[in-house]
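Q: The structure's right below; bear with me while I get my questions together.
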Amino acid sequence: MRGQGRKESLSESRDLDGSYDQLTGHPPGPSKKALKQRFLKLLPCCGPQALPSVSETLAAPASLRPHRPRPLDPDSVEDEFELSTVCHRPEGLEQLQEQTKFTRRELQVLYRGFKNECPSGIVNEENFKQIYSQFFPQGDSSNYATFLFNAFDTNHDGSVSFEDFVAGLSVILRGTIDDRLSWAFNLYDLNKDGCITKEEMLDIMKSIYDMMGKYTYPALREEAPREHVESFFQKMDRNKDGVVTIEEFIESCQQDENIMRSMQLFDNVI
């Protein structure tokens, strides 16, 4: 059951590779190894020393690895006190195990990393923007971070809790292809009315190009975002009614090999 004040998750550096260009407009990006390293920087607690399941060959550089965190034990006096000091107390591990596709051990490690970044137990939009901007210092990621935050904050209360974080992370990392595509659709559906308009997609495209900064400018022509939106709709809007529904979105993505390949980038990150 969802606890009071609960929303839906933080996380995912949407820095996919060039094969995802058909869907997001990203210019050619890092390899899966580089993506994984960036993801591990977002959550230092997910380094190989914390999660034994992480492949050593894809681990973050040693300089990025913090000390190995002590597992969270909800039955210990110390951790009980630690949990009592945060503004938002997370649901029990057993309940989160049932709601996500993470093991108890993974949830323990994720909680410690989340609390290190967000001692109060929740993160608001401004803090989220600050965290996200670290990964795109060459550009302006604020608009894209807002869209991403709203996708995680599904109850629209202006904050993301640990439960939200792991719920979204579970979809991104462990969800089925349909689950991931549905999550992506929700990200692009800015007003959450069940369809994507050209105006919404243009806002997304502009925010992506702004975020990538010097990796797209000055080579990027001013009209490039709008041209990409037209290409997107020509591909996705099957019945030509001017909007893209979730059914059209998922069907079109599933028929695109490049998009399907890019959806595998987060497999086995942790």
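Glycine residues also receive a Cβ, built from the backbone N, Cα and C atoms like all the rest.
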Q: Among Glu230, Glu248, which residue shares the Ca(2+) 3 site with Asp237, Asn239, Asp241 according to Swiss-Prot?
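A: Ca(2+) 3 site check in Swiss-Prot: besides Asp237, Asn239, Asp241, the record includes Glu248 out of Glu230, Glu248.
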Q: Ranges 145-158, 159-172, 257-270: which does Swiss-Prot label region 'Interaction with KCND2'?
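A: Result: 257-270 is the stretch Swiss-Prot calls region 'Interaction with KCND2'.
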Q: Of Ser9, Ser13, which one does Swiss-Prot label phosphoserine?
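A: With Swiss-Prot as the source, phosphoserine is noted for Ser9.
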Q: With respect to Swiss-Prot, which of the residues Cys45, Cys195 bears the note S-palmitoyl cysteine?
A: Cys45
Q: Quick one: give me the count of other CB atoms within 10 A of the CB of Glu200 (Ca(2+) 2 binding site).
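A: Glu200 (Ca(2+) 2 binding site) is surrounded by 19 other Cβ atoms within 10 Å.
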Q: For Glu248 (Ca(2+) 3 binding site), identify the closest of the binding-site residues Asp189, Asn191, Glu200, judging by Cα separation.
A: Asp189
Q: With DSSP as the yardstick, break the domain 'EF-hand 4' (224-259) down into helix, strand and coil residue counts.
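A: Residue counts for the domain 'EF-hand 4' (224-259) by secondary structure: 25 helix, 3 strand, 8 coil.
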